[in-house]
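As structure tokens, the structure follows; a few thoughts come after it.
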Amino acid sequence: MVSVPFLVGVAASSPQWLHVPLFIAWLGLYLTAYPLLQSLKRNANRQRLYTWAAIYGTVALACLIPAVVGQSSLLWFGPMLVGLLLVNIWHVRHKAERSLTNDLCAMLVFSLGGAAAYLIGSGEWDYGMLIVVLFSFLHFTGSTFFVKSVFRERNNPRWIRLSRLVHVILLFIPAVVGYPWMGLAFVYSAARAFRYAGQTFRPMKVGIIEIIGAVQFLLWFILL
């Protein structure tokens, strides 16, 4: 999930050598945030989690320096990420990590990685960046609704109907924002939702379905 928006951002701009340290930094920041969030839980092994967070954080910082030196406006993403992280922290504190709001905030964090990659490749804060974030977020939104419809909410008819409605809407949003052919990238997601929502799956099978969905989404974005 971390790599898809980033690759979308690279594809929408132009590949630069700074994308390499930026991606390592982005992955490192994600790996840093995870143990820190886990450490907020009551029975967490905080010493071990803090150790891993420090290791990943050091790597992330070291790789982030050349990217920021090359494109200092990357720092503007800092307040956005901190704000979204605070939402995640609130949900962990209230034992509501699996809420839809928390999931969508996490998906928006991933999508901002695409914006950062786009900024490195284009040097611009423009409509193209917004499209990268929007389409990445829409893709992850579909995934969030689908995954819940085969696990926690698979016996909830209202959720399944809502999930299918969301997937239908996703087909038309690209046309509204001026990229009608990108609706094709969401056909797989809609078919998946209508075919499998409400059924019981092993996590591995759902993971495979999601990987296929991510790959085809990325390919459609590159081709279109």
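Every residue gets a Cβ built from N, Cα and C, even glycine.
Record features, source TrEMBL:
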- 20-37: transmembrane segment (TRANSMEM)
- 49-68: transmembrane segment (TRANSMEM)
- 74-92: transmembrane segment (TRANSMEM)
- 104-121: transmembrane segment (TRANSMEM)
- 127-147: transmembrane segment (TRANSMEM)
- 168-191: transmembrane segment (TRANSMEM)
- 203-223: transmembrane segment (TRANSMEM)
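Residues 2-3, 6, 49-50, 52-53, 56-57, 59-64, 66-67, 74, 81, 85, 88-89, 92, 113, 116-117, 120 of the same chain lie 6 or more positions beyond the ends of the transmembrane segment (20-37) yet place their CB under 8 Å from a CB of it. Most Cβ pairs under 8 Å with the transmembrane segment (168-191) belong to 127-147, among the candidate stretches 74-92, 127-147, 203-223.
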